[in-house]
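Inspection log for the structure reproduced underneath, given as structure tokens.
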Ligand SMILES: [Zn+2]
């Protein structure tokens, strides 16, 4: 049986037995926070549970590394939507120790792409279009620096509300401990 089949079969049971009732909430977050965390599998539940957050409390955006890589990319747009349209009035960027994206080197991933059928010609075309694939696929040396950079991009975005605090934190995926890197209340 395929994974998709298993997932959909479970879903049918889930709906029929009304399991969804314990997750019922509305679209506006109770805690009025938008959280940007890494897509690391260890953090899927840990990043919110470690802060006492429940389904319906926050807007949660997850991507590789919890990084704002482009000021007009979809992560930044999601933050702006959360703030302007969905009632979020604080933002938190949460990186984590032992981040797979942080350790990412572009060369092995490009080798993987080639091994799986992406042609040399495609890379040349992208290069001629001024797309710096190596830079795009590069992780970071320090999680604290990466968070500080992303917090700065959000805080100083031309479309961001000036008085919305933007916090930066690092979580330890082994025990859920969250350390403060930037206190957004002090940066106003
Ligand atoms: Zn990560």
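Cβ atoms are placed via backbone N, Cα and C, with glycine included.
Over in TrEMBL, the protein carries these features:
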type    : residues       : note
BINDING : 38, 40, 96, 99 : Zn(2+) binding site
Of 38, 40, 96 (the binding-site residues), the residue whose Cβ has the fewest other Cβ atoms within 10 Å: 40
Cβ atoms near residue 99 (Zn(2+) binding site) (within 10 Å, other residues, all chains): 22
